Amino acid sequence: MTTQVVNVIGAGLAGSEAAYQIAKRGVQVRLYEMRPVRQTPAHHTDKFAELVCSNSLRANTLTNAVGVIKEEMRLMDSVIIRAADECSVPAGGALAVDRHEFAAKVTEYVKNHPNVTVMNEEITEIPEGPTIIATGPLTSPDLSAQLKELTGEDYFYFYDAAAPIVEKDSIDMNKVYLKSRYDKGEAAYLNCPMTEEEFDRFYEALIAAETVPLKEFEKEIFFEGCMPVEVMASRGRQTLVFGPMKPVGLEDPKTGKTPYAVVQLRQDDAAGTLYNIVGFQTHLKWGPQKEVLQLIPGLENAEIVRYGVMHRNTFINSPNLLRPTYQYKQRDDLFFAGQMTGVEGYVESAASGLLAGINAARLVKGEEPIVLPPVTAMGSMANYITATNAKNFQPMNANFGLFAPLEKKIKKKAERNEAYATRALETIRNFVNI
């Protein structure tokens with residue numbers, strides 16, 4: 001066993017996954033996490049892998065690229081996906097978790113590994129020796145300054161936004177109905193139907209509601225996957241009806257008709273006592289936020305247990321700075337992982353940590369780091385963030401559009417996606433025992 005130690009900075013999804021992958025390969029890990037010594041504006045606990053935006057890890061089927069990346073990670077013994085599977089709550093065709101159980105489970109698996117030493121302290125300088133930086137969207141100012149000096153690149157700022165959570169007991173169950181879109185999977189969502197008149201009243205209140213002001217030095221760059229609902233609404237009345245409030249596939253069983261608009265609520269905890277408002281990430285002030293949300297049918301008396309908030313996100317210009325192994329181009333033993341690299345989403349962040357962790361372990365053991373082929377979901381993400389146009393680089397979720405093209409063109413989308421998934425999983429099996 002090598003005597004070298006790998007430093008992993010940050011115990012979010014990427015850092016926790018990286019630490020676990022290194023440790024299971026017989027390499028010692030020092031895992032640095034500044035919480036609870038120093039908190040961030042969005043975190044509330046000292047647990048690893050705390051989910052701050054949503055409790056959903058999104059699609060769990062192989063017809064979706066994020067479902068494929070999860071299955072690849074299962075085959076590669078991902079601690080994040082293992083914990084998620086063990087803490088899942090009903091969510092139709094998606095993988096959603098009880099966020100508290102999930103964080104506790106990840107913390108337990110990583111902390112209890114004999115090769116992991118946890119250091120609860122803030123890192124303000126980049127350490128020497130093998131290191132993975134996985135400090136996430138809320139990297140501390142001191143370390144941010146160090147990273148900016150190291151990379152010579154300006155950081156980009158945008159906001160992830162967290163959706164409100166309400167108590168189930170405060171929902172008027174006579175006005176909502178249980179259903180998943182197109183009846184896929186079990187009926188897992190509470191649906192709040194709106195007439196056109198109700199939608200108009202809601203929309204006018206939403207676009208007039210007061211938001212928390214942004215700091216002057218921060219640019220308003222919103223990533224489409226976590227865009228505040230009021231920003232979507234400002235783009236036009238129909239943006240919501242064709243976005244998070246789209247009613248297609250959600251016929252009201254009481255009327256047999258499709259509502260004008262629908263707000264969906266998704267179970268947020270294993271006990272089924274809390275529900276988050278799907279797609280309603282927001283930066284509204286809390287008073288106006290409550291007034292707007294209580295215009296939704298069924299939520300007139302809703303008890304909001306967590307208001308929607310927004311927080312900064314930070315990422316580097318990976319095409320200029322990183323290799324597809326997640327290594328820094330100017331220093332072989334320095335790796336980056338997580339949202340800082342420009343992979344967007346919980347699962348994608350964890351996947352980058354998995355690959356960075358494997359490669360850090362291989363490096364200290366004198367083995368060649370691996371590059372996963374872009375026919376795999378994980379390989380396509382690594383390829384995207386390192387090979388795309390650096391000038392217009394923006395964060396990206398996993399999607400089949402990033403995969404290497406199929407040898408034969410397939411017209412039907414479902415068959416094409418199935419072919420992408422089959423090829424990806426056949427390929428990833430060659431890397432399972434690395």
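Backbone N, Cα and C atoms are what each Cβ position is placed from, and that goes for glycine too.
Over in Swiss-Prot, the protein carries these features:
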BINDING   Gly10, Ala11, Gly12, Leu13, Ala14, Gly15  FAD binding site
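Features per Swiss-Prot, on structure.
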{"residue": "Gly10", "record": "FAD binding site", "Cβ within 10 Å": "30"}
{"residue": "Ala11", "record": "FAD binding site", "Cβ within 10 Å": "32"}
{"residue": "Gly12", "record": "FAD binding site", "Cβ within 10 Å": "31"}
{"residue": "Leu13", "record": "FAD binding site", "Cβ within 10 Å": "35"}
{"residue": "Ala14", "record": "FAD binding site", "Cβ within 10 Å": "36"}
{"residue": "Gly15", "record": "FAD binding site", "Cβ within 10 Å": "31"}
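Take the mean position of the Cβ atoms of Gly10, Ala11, Gly12, Leu13, Ala14, Gly15, the recorded FAD site; other residues of that chain with a Cβ within 8 Å of it are Val8, Ser16, Glu17, Ala18, Phe48, Ala49, Ala134, Thr135, Gly136, Ala337, Gly338, Ser349, Gly353.
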